[in-house]
Amino acid sequence: MENLMKDLGVQIPDLLIKQNESLAKYTYTKTGGEADLFAMPKTIDEARALVHYCHEKNISLTVLGNGSNLIIKDGGIRGVVMHLDLLNEIVRNETRIIAGSGAKIIDVSRFALESQLSGLEFACGIPGSVGGALYMNAGAYGGEISDVLDAATVLTRSGDLLHLKREELAAKYRKSTIADKDYIVLSAEFVLELSERQPIETKMAELTEAREAKQPLEYPSCGSVFKRPPGHFAGKLIQDSDLQGFQIGGAQVSTKHAGFIVNVGCATATDYMEVIHHVQETVKRNFDVDLETEVKIIGEDK
């Protein structure tokens with residue numbers, strides 16, 4: 001890895017690179033092992049050069065966004081981790097907002113408020129990045145990113161730059177073309193509606209209050225762990241299985257919202273995985289329902 005780091009420094013001179021970087025600080029669960037190499041491109045050109053380099057050299061490349069709906073295993077990630085946090089510019093063009101992949105979707109929602117543009121109120125409490133939100137078609141309180149997404153600029157895994165329009169971004173519940181084709185999001189364009197500030201602000205305040213009342217925001221977590229199974233609610237199945245408060249190590253099924261697993265103190269990714277498996281097995285045994293994880297799980301076991 002030392003030679004690879006040196007070569008990357010020659011090929012992409014201004015690229016920020018770290019070796020053996022702990023990934024726990026980049027995830028909302030505060031868990032995860034180390035990345036062999038951790039790179040933070042500051043521009044689209046740097047990101048494209050890094051993707052192309054890894055493709056040509058056959059080096060494993062993992063893309064990391066805001067780490068909010070993610071579990072990185074305790075063994076860490078081999079190869080290169082590309083963190084897009086610095087691609088975070090947000091600009092307005094009439095009734096459109098263009099945001100970089102690394103921008104927080106919450107910040108885009110607030111930017112829309114300040115611009116008196118309506119349509120992203122539902123996203124005021126989604127903690128992920130723009131790239132992550134597009135990847136999984138994030139949603140909350142009846143709204144989804146696909147409702148307001150008009151275009152996206154992405155990279156293929158070989159480093160080709162593509163500009164995709166709405167009709168090419170087919171999205172379903174927690175799925176998208178971007179995820180299916182493993183594209184890397186660089187930026188997104190949202191089409192919104194002009195509005196008065198007050199109704200936007202009121203709606204966001206209502207959603208924030210509802211979120212704070214229902215979700216265990218006082219603890220680190222990866223958000224909603226399981227997808228909603230057809231005809232059921234994951235949280236209700238977990239609650240009816242008497243699993244709230246179930247704990248392994250520092251990972252606990254939240255006593256406030258059964259759909260969340262929280263880090264109540266020094267949890268490891270292994271703790272999280274064991275709690276997830278126990279919940280899945282218990283719900284399957286009690287209700288014959290398979291709970292599929294919504295949270296993305298990557299990395300290697302320790």
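Cβ atoms here come from the backbone N, Cα and C positions, even for glycine.
Since this is a predicted model, take the numbers as computed values, not measurements.
Mean pLDDT, taken over the domain 'FAD-binding PCMH-type' (31-217), works out to 94 on the 0 to 100 scale. Per TrEMBL, domain 'FAD-binding PCMH-type' is recorded for 31-217.
Sequence annotations record features per position, and here TrEMBL assigns active site to ARG174 (among others).
Annotation source TrEMBL lists active site, proton donor at SER224. There are 20 other Cβ atoms within 10 Å of the Cβ belonging to SER224 (active site, proton donor). According to DSSP, SER224 (active site, proton donor) is assigned to a strand segment.
Per TrEMBL, the feature active site maps to GLU294 (among others). GLU294 (active site) carries neither a helix nor a strand DSSP state and counts as coil.
All chains included, 19 other C-beta atoms sit within 10 angstroms of the C-beta of GLU294 (active site). Here SER224 (active site, proton donor) is positioned 7 angstrom away from GLU294 (active site), judged by their C-alpha atoms.
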